[in-house]
Each structure stands twice: as structure tokens, then as C-alpha cells.
Amino acid sequence: MSSKISDLTSTQNKPLLVTQQLIEKYYEQILGTSQNIIPILNPKNKFIRPSKDNSDVERVEEDAGKRLQTGKNKTTNKVNFNLDTGNEDKLDDDQETVTENENNDIEMVETDEGEDERQGSSLASKCKSFLYNVFVGNYERDILIDKVCSQKQHAMSFEEWCSAGARLDDLTGKTEWKQKLESPLYDYKLIKDLTSRMREERLNRNYAQLLYIIRTNWVRNLGNMGNVNLYRHSHVGTKYLIDEYMMESRLALESLMESDLDDSYLLGILQQTRRNIGRTALVLSGGGTFGLFHIGVLGTLFELDLLPRVISGSSAGAIVASILSVHHKEEIPVLLNHILDKEFNIFKDDKQKSESENLLIKISRFFKNGTWFDNKHLVNTMIEFLGDLTFREAYNRTGKILNITVSPASLFEQPRLLNNLTAPNVLIWSAVCASCSLPGIFPSSPLYEKDPKTGERKPWTGSSSVKFVDGSVDNDLPISRLSEMFNVDHIIACQVNIHVFPFLKLSLSCVGGEIEDEFSARLKQNLSSIYNFMANEAIHILEIGSEMGIAKNALTKLRSVLSQQYSGDITILPDMCMLFRIKELLSNPTKEFLLREITNGAKATWPKVSIIQNHCGQEFALDKAISYIKGRMIVTSSLKTPFQFADSVIGLIKAPEQTSDESKNPENSTLLTRTPTKGDNHISNVLDDNLLESESTNSLLLLRENASTYGRSPSGFRPRYSITSASLNPRHQRRKSDTISTSRRPAKSFSFSVASPTSRMLRQSSKINGHPPPILQKKTSMGRLMFPMDAKTYDPESHELIPHSASIETPAMVDKKLHFGRKSRYLRHMNKKWVSSSNILYTDSDKEDHPTLRLISNFDSDAMIHSDLAGNFRRHSIDGRPPSQATKSSPFRSRPSSSTQHKSTTSFTQ
């Protein structure tokens, strides 16, 4: 049973072989329609990949020779049988003897001739091999290398490609280079030392020191290990030391997940580490129908679990990015099959008309509107795939951050990057159509948004006259904008623009999967310098023409095309053979075209996988660890509503546990539940929380001075320490906005974010205290934590409400029922009569003329003295009970005016 369960688990954890199935379909279709290649089928009629190896050719020839020899034998036996039966009575014994002797002589001669031929062929092959080894090299090894290269070229999956590449490294001696640590391309000593330190701390289970090493040493390009030149010396992979470092990093995170460190503390440190490393974005360029090349790239990264969370697209890249970003992981295989089976019609006006009639329609449209195609078919296709989803809805559905670039049609606006932050209610299909509106090809298109309440569609800017064109014109790869918004510092670019990628083929950054010598690398570098010089000169000429007023709009757009950056840290490019298919640039894609581009995209991504794994391995591992910790915090916390996380400093945090009395007697618990009202519109959705983390200053709140005291208890009880002040209520709820002047309902939250504005205790009324307390006005460091205090039992009947009509009296008339918790220096200085118990009185009103008195109680003075945070109570907020529970009046009375009497509420906290 256990073996079956393990097998089932292993099959469930296997990656979805999306690209492999599509590549197999491509070869099946190509081989089935080709006249020169015959598909090979096994006995079960299953397709077998054709191979151009010599071994396959020899096997086929050998099988053919056997079949020919068998046929000859069958024919000879048949003829002899017929002759024997026909002449059986006519042959005598002498003739039979002569015939047998002749047959024996013929067989002996044929045997001798066959042996001589075999000896001659073996001798010739030996001589050829000897001469080749003397003057050229190892003949047999070169033949084997050719066979393995053919296997690598015709691989149908990434695993087959990797195995063929590793075998090539063994045959060519590149494995020795990978095993050798020393290289001038990176700091091997630093990486080796850090790897050994992490392994030592992990094996010794010194988790605090291991976490410190991770926090202070993990960066993306440690010791220049991200140098792309490290990946042009082998067919697959790079130095084994780098692979060992990445493996040890994953093992370190796995050990921390199983450690006894506090989840909130561990979560904060890992979030800071991820912010220090940065974030990766996948950027897809335009390129007409050749943009379907991106499907193979996304499919490969998806099945290898290397797909970044931030995805951006322009023009054709926006189509692919939007369709794949709005679907769940389980929907991707079905989606790809639907794309293959669909018959697209984007560039043809009317299918029922002939080509000449459609051409006349295009010519008339071009002279009338200045565009060659109409975008109505594109709009219908995008609505079919995307529906009326907005950027916010797509993010809430899949968690992917979709970005689409559009360029303004005029000179008076700036290029825009549309996502769920800048355009949350914009319809994605309208953004895609605007990003595909290449001047002269498609007309400019407006952006539409959906009203979140009514669902009504309307122009985004309020006017349909504001239109946008192809995003590739001004910002094909929005690298700087992504860096500003999402802390992106690493770009994986896929470039298929027909006027760009041939020049990028000469760039040094486009390496991986192929062996390049120093001469080729230097030649590429020189050619790249020449290209940059010519581009700068052309940009200068265009600037001069634009300033002179010669076709200012056109020259400005052309200058933007030449001046922008088209490559990233890792750039995936198609093969140069795409240039010979330029006539398919603006044609409706067929099934064969789709399969070919998907196959080319997948095979172009395979050489970059090892670079992506080493560049982004720690980042993706941290993302998984952070998600795992957040999920564990949700499961282990006794929470009744997820909306409380919307206002916490980090997205998810544990709530304090109830006391033993409260757990035994839930009826006596002071837990208050909040009921939403009509006036309370501040109800956030967890999925609409911050995309990444809070501000960088807020993350410092999770750094504690003594991390060793926050480990897990052996008994199973895990103490949870809030990053804010302690509260009597064991639940963290949101507070209403301070700008609301109406009476506040019974609130449930005593916890304020340390980064939130100053609480009401700092704005104490001067009419009561005379002057503000200097101690309470001091702000503590952003990195100091406030430890929770043990809550005492509270009897709601022992306290009374303050009526609205009461006037404020002197401190000498204070009732003995009201007490103070800890003796603050200011209160001791004002009047010692105030201090008699463990309660704190303060005002909770923004208006000094009509303050509202509230009471803080149930704080343990011993715990407060021990915590050494006596002056930091300013973050607590206690909301009162409803006025209907008031029974007696208090000697502290206030007289609000009649105009504001209904706005003030005085109560005590349960």
C-alpha cells in the first residue's frame, strides 16, 4: 500500500509535459506530410522519433539485407521444389550426384568470396581509421559525437536534450573543465567558502547562524557567478561548484522550514532576503505572428517551474502573456489544445471573398484610413479568450502580475505600463488590442474599463478620442518601469522582432548550449560595438530632423524604436531561419505554423535553462518558502476571518492565543466580533493586498535583538509575539479611519502598526493634563518590538459609563473605581492621587473642546516593568461599549455642546 501511495504521489508531482506533447505532434504532422522522410513505427504503431544517426542507417540497411536474403532463399527453395517435383521421375542417380556436387562447389566459392570481402572491408576501415587518427583525430569518437549531436538536435524533451548534452561534454572533455574549480571568470574561493559554511551550519543544526548567513550573503550575482561567459564552454550547465552552491542553498531553506524558529521571525528575515536579491520578470517582445514563438518559451518555463510571477508583453507578446496569465495551472494543457484546434482569422477581411477582392478592400482602407488591416477580428478573438476580465480580476484569479505596454498616438502623452496597480479596472482585451495597433497596420485603439459596481463598459480616460498604438514603438521591453514598480532587477527577455534579433545574435549575452571559442566571442563583441555606433549616429540624425520640424511625429517614433533596449540579462532568440519565412509575418497562423513556432520556442529555451536556474534559483526557492510559511501560519492560527490580515505590517501574522480561562469559558471571553455596517466601506480583500511586501522600513520591524528566545516550545505551545503593542483582545481587527467623526462602534483591535500614524494617546487633551506628556511623545525605533502582556480578567459590571452631559471635574474628585496600571513618570509628577490601581485613563477624540474619555485596564504592571517598554503605550486603542449598557455616572463628566453631543461616545472596554 505504501509503495502505491508513493507511486501515486510521484506521478502527481511530475511536471506537466506540455511542450513534449506538442513537439511530438509537430514531428508527426511534418513526417506524415513530408515526401522525403518516412515515419518509423514500432510494432504497436506508435511514432518513433526519426534519427539521422549512422547507427539507424546501418540498422535499416541490415534489416533490408536480411529481408532481401530471406526473399532470395524463399524464391530459390520454391524453384528447386518445383523442379524436383516436375522432374522427379526423369532424374537418375548420376544427375542427382552431379547436381549436389555443383551446388556444394558454388556454396564454397560464395563463402570464400564473402570472407574475402569482409576481410577487405575491415582492412580498409582499419586503414581509414589509422590515417584519420594520425592526421585528424579519433575517428570513432568523432562518429559518436556526430551521433550524439544528432540526438540532441532531434530531442523531444528537456530531459533528452540534457542527457545528450552531458554525453557530449564527456566526449569532448568539457566535463573536466566543469569539475575544475579555478577560473578567472568568477570568484571560486568565495563561493566555495560560503557553500562549506552553509553545509556546516546546516549539519550542526545551528539555525540562527544559518539564517544570518542567508540574510547577509545571498545575492544574485555572488562572486560574478552570473557571468554569461561561464556558459559558453560546455554544452549544458557550468562549473559544478556553482551547481553545488545552488543545491546547498535549497537544502538550507528546507532545513529552516523544519527548524524550531518562530514563523513570524523567519518570515520577516526571508522577506528581507528576497528583497535584497531582487525580483525577476519575463518580458515578451512583439513580432507579428512570429510572436507565437513565445508560447514555446512560456510552456518550457511553466513545466520546469521557472516561470516568474511578473510577466510583461508588447504587441504579439501581450497576446501570449495575457492569455496564459489569466488561466490556472491546470487549465494550460486544455488551453494549448484549444489554441491548436482553433482556426484564426485576424488578417483576412472576408473568408467568402477571393484574395483579389480582399486585396482591393485593403487598398481602399489604406488610402482612406491609413491602415492596411481592420482590428475587428482581433478584438473578437481577444474577447473570446479573455472575456471581460480586468487586470485586478486576473491578478486575483491567478496571482500573476500581468503588464502590457502601450504607446500614445500623439506626442503629448507618455508611454504607459498597464497592470493591476496603474489600471486595475481596464479590460485586458482592450489593452491587448491597443498594444497591437502598429501604425500603418492596425488603427489606433482606445482603452476601456469596467465599472467595478455596475459592470458598465466605458472609456478609461473618460474620452474615446485618446487612443494608443503598438507598445513596441516606445517601450518594447519596459525594464526601467518594472524596476520602479516591482523591485525587478533581473530580466528574462524573449525577442522575436524581425528587425532586432539578427543583430542580437551577435551579442555576448546570448550564449548557452553551444561551444564558443575566444575568437568568436571577441568577434561578436567587436560587431556589437559597430552596431551600437551606427545606431547612435542614426538616432542623432533623427533628433536633428525632429528638431527641424521634418515629420516630427514619425521621426520621434522611429528614434524611440532605435534608442530603446531590446535585450535583458538573459535573452532568448529564435533561429536565423525565421528570416526566410518573413512572408508569414502578417498571415493567419495555421496549425502547422503554431506547432513549428512552439517547437522552435521550446528548443531555444532549453540552452538557457541552466542559466535561469543559477540566476533565479534562490529567488524562486525563497518565494516557495515564504508561501509555505504563510500557509502554515494560517493553518496553525485559530482565525475566524481572513480580513484581519489586510492592515497588518506583513501580509499574514499569527493572532495571540487566548488565555486558559477564555479557552475553558468562551462565554466569559472578552473577544468581540465586528459586524460590518453600511458606513464601513473599508473592507479589503486579501488578494488585493500589496503585491510584494510592505515598505522596506516596515520589514525592519521583524528584526529582533535576541532571536534565540523565539524558538518553538517543546511542549507544542508556540508563543507568538506581535510586532505591535500588546492588547487585551486576542484578535487583530482593523480600526476605522481617524477621519470619521461619527461615534465609533465597539471595536475589537488594540493593535496598531508601528509604522501607522501617531495614536490618540499622543494627542491627549490639554484641558485635562495641562501639557502633553514628554515621555509619551517620544517615538521608539522602528526596529523595537513590543511584547504582549498577560491579560487579567475583566468584569464589565464593575465599571460604569460616563454620560454625555457630565462635566469634567478636577483630579481630586476621581472615583476610586478608576485606576492606573503602571505609574508613569508624568502621572506621578502631576498627582499621586491618580495612581491607585491598574487602569489608565486617556482621551480618544480629535477635538480638544469635547474630548471623549476612555479607559485602558487589565495590564500587568510586573510584566510592563519587565518588558522595559513603559513609555510605548501610545499605540493602544480601546473602543467602548454601547451607551445602552451604561448604569451609573462617573465623577469625570464632560459637557459637549448640543451640536456635537450625538457625535461623542464614552464607554469602557470589555
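Any Cβ shown, glycine's included, is placed from N, Cα and C.
Under DSSP, Ser315 (active site, nucleophile) is assigned to coil, being neither helix nor strand in the three-state scheme. Look at Swiss-Prot and you will find Ser315 tagged as active site, nucleophile.
Summarising the annotation, Swiss-Prot assigns active site, proton acceptor to Asp470.
The compositional bias 'Basic and acidic residues' annotation in Swiss-Prot covers 51-66.
The feature compositional bias 'Polar residues' is assigned by Swiss-Prot to 70-85 (among others).
The feature compositional bias 'Acidic residues' is assigned by Swiss-Prot to 90-116.
Summarising the annotation, Swiss-Prot assigns compositional bias 'Polar residues' to 666-683 (among others).
Residues or ranges marked as compositional bias 'Polar residues' by Swiss-Prot: 739-768 (among others).
Swiss-Prot lists 900-910 (among others) with the feature compositional bias 'Polar residues'.
Under the heading region 'Disordered', Swiss-Prot lists 51-120 (among others).
The region 'Disordered' annotation in Swiss-Prot covers 657-683 (among others).
Per Swiss-Prot, the feature region 'Disordered' maps to 713-777 (among others).
Positions annotated as region 'Disordered' by Swiss-Prot: 874-910 (among others).
Residue counts for the motif 'GXGXXG' (286-291) under DSSP, split into helix (H, G, I), strand (E, B) and coil, are 4 helix, 0 strand, 2 coil. Taken from Swiss-Prot, the feature motif 'GXGXXG' covers 286-291.
Within the chain, the motif 'GXGXXG' (286-291) has long-range Cβ neighbours (under 8 A, six or more residues past its boundaries) at 314-320, 436, 438, 470-472, 476, 496-498, 574, 578, 584-589, 593, 597. Per-residue pLDDT, averaged across the motif 'GXGXXG' (286-291), gives 86.
Cβ neighbours within 10 Å of Ser315 (active site, nucleophile), excluding its own Cβ and spanning all shown chains: 28.
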